[in-house]
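For reference, the structure discussed in these notes is given below.
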């Protein structure tokens with residue numbers, strides 16, 4: 001799209017990837033895809049409810065009866081956010097049409113048409129939906145085509161049919177509109193009942209508890225057999241699994257020990273993309289993101305708001321970008337460099353000061369993990385010449401893999417809604433470089449890379465002292481204090497999602513456009529609360545256990561886009577609806593996703609709902625007059641997965657780990673044969689009941705059992721619309 005501030009956004013082109021295309025790339029589609037022209041006749045959506053029958057007619061002839069019942073989620077073709085739909089049914093040269101339903105995307109017709117069947121006729125029955133326009137030509141809404149011979153054999157068919165586009169037109173040549181670089185992966189996963197994964201989870205947990213003293217070293221074997229390209233996924237899945245079992249700190253400690261055991265040079269420690277590095281990155285995002293927002297958020301906001309021109313590299317200074325320092329005289333290059341250095345020194349000092357004050361705000365499990373890392377590194381490199389190595393080990397994760405990436409790409413860490421412009425990006429990059437120099441403890445090697453960073457050296461040197469003092473206090477946490485902090489935090493349910501929303505009040509006969517108010521909302525697993533400001537006292541609005549549906553609202557309902565509705569039961573058990581407006585479509589989808597996640601296990605979730613509002617004496621979406629009508633559209637359960645603030649799903653993580661281990665099973669079997677060859681006569685030790693004591697043999701057996709469970713699971717047979725996980729990166 002091409003964004004326009006005043007008029008409607010313009011369409012540039014589209015990329016369409018079919019399910020078959022994605023299925024042909026099990027490891028994911030990656031590459032440049034040509035944009036193609038967007039034809040309105042291809043941009044269709046929604047479903048139509050039809051009943052098709054072959055019935056006896058006069059003079060021993062047969063009739064084809066087509067009942068057009070209703071449709072839902074049709075494309076909005078008119079400026080009012082709706083359409084004026086009618087249906088055209090064509091067969092054997094004859095055409096019949098339904099009545100027109102005005103201003104509705106959820107029309108109901110309940111009209112019937114009959115056609116005389118000709119023996120052996122091969123012509124298809126075509127049902128087309130159109131949007132009626134008084135002045136211009138009618139707009140195409142989609143079609144469904146039926147094989148009449150198959151209908152004759154079946155005699156009757158009824159159901160909801162997805163409307164298909166009209167692709168009969170010639171396309172413009174690809175490549176004229178530009179290209180998009182995409183990475184897309186589609187995975188179908190069947191998650192079994194929790195009990196099926198218990199042997200796998202228990203085996204992995206036992207290995208983590210035993211640590212480096214364990215006989216099987218399964219974690220080390222998993223790392224050894226995991227390729228670089230999927231190491232991040234495996235690290236995230238393992239980390240979330242152990243986080244749910246309360247063993248995240250022990251898992252990371254084991255990885256620290258494994259990496260320290262194979263590292264001889266202190267300056268290469270944790271610099272590779274090992275399982276330890278990737279797991280620690282995931283851990284900080286899952287457990288430390290709110291902490292990061294508290295420390296870094298105000299500094300990032302200030303950089304975005306100031307929009308100052310900042311540049312330290314003399315070869316890149318552009319005086320014309322800065323403007324004038326006085327009424328007439330433009331700034332010199334030296335003045336630009338000095339002013340830029342002052343700005344960066346101020347930002348860096350503010351960041352280091354905020355970090356120094358944040359020891360108590362850091363989550364207990366993060367502090368305890370850094371304590372283990374600090375101790376392990378100090379034990380491995382105890383000499384005086386390696387005095388800074390334990391500090392650098394901590395900063396390699398905290399600064400280089402967490403704070404610096406967040407500074408350079410704040411949108412990816414949910415610190416900002418939009419990416420920075422070129423000027424702000426340069427400021428953020430220079431600030432991130434300064435933070436990296438502090439994190440490297442201002443080593444000569446880091447100073448030598450870019451000599452023009454020298455003006456920041458006084459602040460960097462002061463920052464090194466501040467950071468060392470901060471780390472000393474950060475890792476000074478005893479087991480008793482850690483447990484106490486964890487208990488205190490566990491009493492407060494962490495927010496799943498929070499931010500400003502506009503709440504629409506219901507007045508009189510229906511919601512009014514003007515009846516909304518901006519409030520700060522916070523969603524936890526215990527309540528959806530609101531307050532006037534982020535720091536004001538919160539008032540509980542809805543308990544997640546009472547939510548029955550979270551869905552979008554038609555744009556025409558309020559004359560506004562990005563509105564959602566939350567259908568819930570009040571304390572008296574009566575159904576209620578609250579309407580909430582979000583700032584943008586991304587925010588809308590994030591809130592819908594969060595609300596569905598916290599209510600996914602609720603009893604009594606609705607199967608249908610009204611995407612409109614009840615205004616006057618009818619629903620605005622389908623024009624039904626019964627306010628208690630069940631609904632004209634089906635509810636949805638789609639969510640965005642693998643966000644840092646996702647509620648933990650132990651079974652899904654176990655399934656993803658099983659899927660990975662199944663992929664590397666040949667390598668694990670080969671490793672087992674090598675290990676078995678070293679034992680006497682190549683035999684495998686067995687315990688009571690003939691179960692193998694060797695952890696690797698146990699793991700291979702667990703994988704076989706899970707494979708068999710998947711084969712015998714009813715969910716393993718492909719449904720008409722399989723549940724899937726779609727990952728998209730632009």
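Residue positions begin at 1 at the first shown residue.
Just so you know, glycine gets a Cβ as well, placed from its N, Cα and C.
TrEMBL does not curate its annotations; it predicts them automatically.
Lifted from TrEMBL, the feature list:
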- 44-161: domain 'C2' (DOMAIN)
- 230-440: domain 'Ras-GAP' (DOMAIN)
- 494-600: domain 'PH' (DOMAIN)
- 704-730: region 'Disordered' (REGION)
DSSP residue counts for the domain 'PH' (494-600), split into helix, strand and coil:
21 helix, 53 strand, 33 coil
Could you break down the residues of the domain 'C2' (44-161) into DSSP helix, strand and coil, giving a count for each?
10 helix, 62 strand, 46 coil
If you average pLDDT over the domain 'Ras-GAP' (230-440), what do you get?
89
